[in-house]
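Record features (TrEMBL):
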DOMAIN    88-257  domain 'Mur ligase central'
BINDING   90, 91, 92, 93, 94, 95, 96  ATP binding site
DOMAIN    279-393  domain 'Mur ligase C-terminal'
């Protein structure tokens, strides 16, 4: 049997392993290099199966058959019998929600691993040590390719403008995200933010839907350090992740675990010692009374907006990278409220400067790269303030990914510390 793989990154390599296990011995890989694919419509006649990586934009190929598969679908077939699945998507927060959901489930007695668009691919995970539950993060590129995926619980954290370089408009992007909801098992649970657009987009789902109030006033209710879900509650005084958005993330995780465990009473033991992820509002160091924060995962405007809202006034913010065709004016109000300096770098630097320089009340300085951005912030920031890298852009103009960008930022901060 003949197979093809479109895109040979981490997902493509996992797909190759899975295809070999399915008995495909003749596998051709098409990547962005010498083997670049040109006419995708020819694949239906040449190959028995075609696995498409999320980095491949099939929207450029209108004749691509919808029957093309993906590493996620191949992995689903290899999942241990009886193992459950939590599928997580959304514009922001999904990686953190995925990580802490797996931790909460494991603490609750359901051995779980986070995978998908985070760390291990789903394929790598199902071929490893068997789990009771697989907590799978899914990007819009992955949800759009689902055909046979089955989730016991699905989470859509939020919907905000993102990847507009790939989608026609917001509805087009949201529709790919909503494809996950179609694959919730009968009797499963959907968990969403109680936001009008998201509620409307998920209204077709007739199963159990749990809506989280982002203000944490109606459901769940945050009363001091008590996070109350009615049937169960948790004291979050020992929850190690800061910011209201992380209490939202915790709420998603607890409700997903409840879908599988059915909690009653006090579940505070599930909350302490949970670990967040690198590059998400990550404290790096303090130099001369200034805290340096790495939020390199802030790759879109909504993520940066949410992060900045969580800080007190006195933020020296670094924006920039590869623009996703976003409107940076949405940051004006929060920058006027929180910022003491805006530094714009990289490919999007000029656009950011032109959009913000006359709209915000603080200096907007454009620089070439991260080295210059860190240097400007070091000279400008005063004791008691923060320097926050939250770029609101992709990283691919200067870096391999947001991790590489965040690591470089941390290295520069450590170099400053050493003098």
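Including glycine, each Cβ sits where the backbone N, Cα and C put it.
Features as recorded by TrEMBL, highlighted on the structure.
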| residue | record | contacts (Cβ under 8 Å, 6+ apart) |
| --- | --- | --- |
| 90 | ATP binding site | 97, 155, 156, 157, 158, 159, 177 |
| 91 | ATP binding site | 157, 158, 159, 160, 161, 162, 300, 302, 303 |
| 92 | ATP binding site | 157, 158, 160, 245, 300, 302, 303, 306 |
| 93 | ATP binding site | 157, 158, 245, 248, 249, 252, 306 |
| 94 | ATP binding site | 88, 117, 137, 138, 155, 157 |
| 95 | ATP binding site | 117, 118, 137, 277, 280, 297 |
| 96 | ATP binding site | 241, 246, 249, 276, 277, 280 |
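Helix first, then strand, then coil: DSSP counts for the domain 'Mur ligase C-terminal' (279-393) stand at 39 helix, 32 strand, 44 coil. Each residue in 88, 97, 157, 158, 249, 303 lies on the same chain as 90, 91, 92, 93, 94, 95, 96 and has a C-beta within 8 Å of the C-beta centroid of that ATP site, without being one of the site residues. Under the three-state DSSP scheme, residue 91 (ATP binding site) falls in the coil class.
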